[in-house]
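J.: Submitted below is the structure of interest, expressed as structure tokens.
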Amino acid sequence: MKFLIKSLAVATISILGCLQTALAEEAKTESLTDKAVKHEKLGVKIESANHLFAEKYPLQYDSWKSTAKSTDRGSALEADPRYVILWAGYAFAKDYNKPRGHFYAVTDVRDILRTGAPKDENDGPQPMACWTCKGPDVPRLIEEKGERGYFDPKWAKYGAEIVNSIGCADCHDTTSEEFKQGKPALRVARPHVLRALNTVGWKFEDLDKHGKRPAVCANCHVEYYFKNKTDVTFPWDKGVDVDSIEKYYDEINFTDWTHALSKAPMLKTQHPDFEVWSQGTHGKNGVTCIDCHMPKVKDKDGKVYTDHKIGNPFDQFEATCKTCHEQSKETLEKRVKEYKHEVKEAMIRLEDQLVKAHFEAKAAWEAGATQEEMKEILMAIRHAQWRWDYSAAGHGNHFHAPDVMLRTIATGIDRAADARAKLGVVLAKHGVTTPVAIPDISTKEKAQLAIGLDIPKEQAAKDEFLKTVVPQWEKEARAKGLLPAEEADKPVAAPKAEAK
């Protein structure tokens with residue numbers, strides 16, 4: 001008996017010793033979030049070349065590559081020329097296209113007039129931050145160069161390095177054993193994203209798989225700004241709703257640009273999809289981006305996999321909506337179309353008020369208005385347009401949270417009306433008693449002419465850039481193995497949807 005007790009005691013001490021050692025080792029191991037908060041390198045390995053995963057994961061890769069089929073990138077400025085006036089003085093007034101597949105993220109940011117036509121690595125209007133959402137080469141470069149080494153240069157500095165469009169390593173730890181075994185191995189490797197998630201209580205390492213799914217989408221589908229004109233930063237310190245972010249920007253006196261007509265200190269919303277989703281019925285009930293946009297499907301042989309052709313849930317209704325909803329596809333589609341119509345109709349009303357406010361403010365300045373007279377008016381314009389852009393810039397906001405969007409737009413209309421009422425008083429005071437004339441802005445070209453843009457000149461410079469600089473970037477990238485030696489498209493079979 002004494003021997004047994006002694007043996008148990010020794011075993012217990014050994015187990016406790018091992019446990020203490022394990023706990024001590026765990027305490028020494030900092031999470032990626034902990035490192036990001038301290039602005040340290042994450043110490044991770046990132047394989048960013050998408051083509052390297054085509055052979056091992058053909059179903060996922062081919063479905064991802066099928067986003068190349070979304071070839072239409074129609075101009076949002078042509079569809080609604082009011083945008084040109086709302087963004088007068090900002091690069092978005094030059095060129096702003098409708099969204100298309102992840103496959104084109106790098107191509108589209110190269111092609112867009114907003115990034116200019118740099119002739120060398122120190123030329124051009126934009127910082128490196130403009131690459132930050134575009135692909136897995138970004139977290140690789142941040143890890144290699146450090147945040148300062150990545151964010152400080154001009155956009156053209158690493159054009160030959162950022163060549164893989166949004167892909168595998170943006171969401172997965174592609175070098176891990178877990179990933180090699182065919183498991184998701186979800187990971188966020190952009191330090192600024194880890195910091196932002198941590199700010200709103202979403203420390204990535206503490207999330208379960210359902211939390212990690214939308215968190216990886218928050219790599220890009222979020223509102224952000226360029227702190228110190230270079231660093232991508234999420235304005236979530238006070239919350240993610242429209243009022244909290246507005247308050248954050250106001251308190252730090254942040255301005256994206258000064259409006260060319262009204263001189264208002266403007267904010268440009270990016271794409272607050274994560275923020276709006278989190279406020280809607282799906283977000284509140286734990287239905288994530290993946291559930292609706294990346295369902296489980298079957299290939300022709302019956303093998304189940306996650307479809308990486310991110311698209312409209314109605315395209316795979318049985319595998320998406322039908323897993324929760326009893327209604328027919330036709331019923332739900334009709335409801336979503338109604339949401340879209342209601343939100344779009346309200347949005348256009350706000351746009352019309354803002355266009356008039358910008359031109360009326362311009363007239364007030366020309367009539368002799370003072371800074372003191374215009375101060376409250378300009379802030380009302382700023383807040384009204386922030387609410388419009390928060391609603392307009394997202395992808396599918398009318399579906400993700402239609403009630404939030406309608407409320408946001410309604411408060412925007414209130415602020416625009418307040419600005420215009422006060423402008424009427426100021427204009428009258430300075431002798432302007434007739435309605436301010438609004439030029440013909442019925443087309444994109446006419447609207448751009450009204451604000452003095454020379455688009456043919458900008459397009460000619462861009463065409464030269466695409467013909468001379470970009471091919472050199474791609475040549476260098478292929479030499480480094482970041483792109484395959486040659487690419488050949490192969491047919492992609494459409495997946496068969498399957499209910500979960």
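Glycine is no exception: its Cβ is also placed from the backbone N, Cα and C atoms.
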J.: Write down the single range among 45-68, 69-92, 477-500 that appears in Swiss-Prot as region 'Disordered'.
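T.: Spelled out, Swiss-Prot records region 'Disordered' over residues 477-500, not the other listed ranges.
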J.: Determine which of His271, His282, His383 appears in Swiss-Prot for the same heme c 5 site as Cys321, Cys324, His325.
T.: His282
J.: Where Swiss-Prot shows Cys168, Cys171, His172 binding heme c 2, which of His39, His308, His341, His358 is named for the same site?
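T.: Only hit among His39, His308, His341, His358 in Swiss-Prot's heme c 2 site, alongside Cys168, Cys171, His172: His308.
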J.: In Swiss-Prot, the residues Cys217, Cys220, His221 are said to bind heme c 3. Which of His102, His210, His259 is said to bind at that same site?
T.: His102
J.: Report the largest Cα to Cα distance, in Å and rounded to a whole number, among the residues Cys168, Cys171, His172, His308 that the record lists as binding heme c 2.
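T.: Comparing all Cα pairs, the maximum is 13 Å.
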J.: For His172 (heme c 2 binding site), just give me the three-state DSSP call.
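T.: The residue in question, His172 (heme c 2 binding site), is strand (DSSP, three-state).
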J.: With every protein chain in view, what's the tally of Cβ atoms within 10 Å of the Cβ of Cys289 (heme c 4 binding site), excluding that atom itself?
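T.: I count 21 other Cβ atoms within 10 Å of it.
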J.: Filter the binding-site residues Cys133, Cys171, His308, Cys321, His325 down to the ones within 10 angstroms of His400 (heme c 4 binding site), Cα to Cα, kept in sequence order.
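T.: If one measures from the Cα of His400 (heme c 4 binding site), no binding-site residues come within 10 Å, so the answer is none.
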J.: For the binding-site residues Cys130, Cys133, Cys168, Cys292, Cys324, which one has the sparsest Cβ surroundings, going by other Cβ atoms within 10 Å?
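T.: Among the binding-site residues Cys130, Cys133, Cys168, Cys292, Cys324, the lowest count of other Cβ atoms within 10 Å belongs to Cys324.
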J.: Starting from the Cβ centroid of Cys168, Cys171, His172, His308, the recorded heme c 2 site, name every other residue in that chain with its Cβ within 8 Å, sequence order please.
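T.: Close Cβ neighbours, site residues excluded: Gln60, Trp64, Gly167, Ala169, Asp170, Thr174.
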